[in-house]
Amino acid sequence: MIFSIICVFMALGYVHGDVYLDEKFLDDSWENNWVASEHPGKELGKFVLSHGKFYNDPENDKGIQTSQDARFYALSRKFKPFSNKDKPLVVQFTVKHEQNIDCGGGYVKVFDCSLDQKDMHGETPYLLMFGPDICGPGTKKVHVIFNYKGKNLLINKDIRCKDDVYTHLYTLIVKPDNTYEVLIDNSKVESGELEVDWDFLPPKKIKDPEAKKPEDWDDRSTIDDPDDSKPEDWDKPEHVADPDATKPEDWDDEMDGEWEPPMIDNPDFKGEWKPKQIDNPNYKGPWVHPEIDNPEYAPDPEIYRKDEVCAIGFDLWQVKAGTIFDNVLITDDPEHAKEFGEEVWRSTLEGEKKMKESQDEEERKKREEEAKSSPKEDDDEDEDEDEDEDDAIEASEAPETGEEDGDCSEKESWRECSASYGGKSGGRKVRRVTVVNQAGGKESSVSYCGEPSERQERSFGEFS
């Protein structure tokens, strides 16, 4: 009986594999395990615990969020080291760009135990880098970079990342048969062979450096017809003199030179003559450069293997902060990763969309209410401004003019003058002048009806 129970547990352990890191960032205790870099020379941003502006569960949806714009971020965590020899390596996490990121990274890096967490920076060696990267409309990709013999190798394929504001699940599976899979939201988006999709090794075959195309090799599929000849009337000029043009009557040959009619396109012009093509009887097809085994090639059946996996970190640059990272998982069991991902991601995504739609609807209604009240407020403001202008005009006195300077007497106010001569009825010139209020001796700028004196015209000019 005991033996049977042991066998069951062994079987379960085999099915579920090992989980080396499971980080959900549920509370402030995450700060006890994660170490912020203090690398000098760069302005480093700070991660804060947050569920964001829209979420499904205020507790379970907490993650660490970038909090400062235009900053580098460098944060890492170590765990018990392991090797993925003869078993899969699964790296998985969720990313939420709720700020609608315009340029910034959303990826993780995996390190060995040599990582100096306090000095982690962009040039720190890593084992692999995986996750989304967005910068403008041209860069929206998933990075999958492996370090092999000291070189960082980028994937030869383009994997597009999600670029909306919701939480998405990113999964990388590296298998001991030297194949891989990339999943987004638990759906496979790319897969293949490591040796094919990265330049881990030199090519197995190379072009034979000794081989050359034979001199008599004819790779022309068609040739000129030797029996074809150019018609006698083929050659015509491209442009001819316009037959409808006539010399202008005022043209002076002595002054203007000999008159020549303008040129126009020749309707009879046929262009360069070329003989028709026929099949080449000596055609041998395209010459293929023969290949030989590459003497530099050496197979590596363990490209996938990492002897010491010990840490994971975020080494990022973000122009606009607000990205939330959560649910970091490192395991050797793809099935467990899929189940875990489904548990922590799908309900979160659905809840986020529901809350975001509700927030957007409230914002839309708010804008509509503001738009309805805005015209009335604007009209009230315009009326107040008009009343203020009228009061100012009535309070001002017209300048002293004399009969030759205008048709308004000294006693008439500007409003009376305008009614007599200005605007649509009188059609008189309206000028802005500075006058002295006779009662208080205070200068003010008023509109003046009638023709001002020369002194006023030089000083203030005319406007209408």
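The backbone N, Cα and C atoms fix where each Cβ goes, glycine too.
Annotations in TrEMBL come from automatic prediction, not curation.
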| remark: The residue that TrEMBL pairs with Cys135 in a disulfide, chosen from Cys7, Cys103, Cys310, is Cys103
| For the region 'Disordered' (204-257), DSSP counts of helix, strand and coil? | 4 helix, 9 strand, 41 coil
| message | Sequence gap of 6 or more, Cβ distance under 8 Å: name the residues on the same chain that satisfy this around Cys103 (disulfide bond), in order along the sequence. | response | Ile134, Cys135, Gly136, Gln318, Val319, Lys320
| note | Using a 10 Å radius on the Cβ of Cys135 (disulfide bond), the other Cβ atoms enclosed count 15
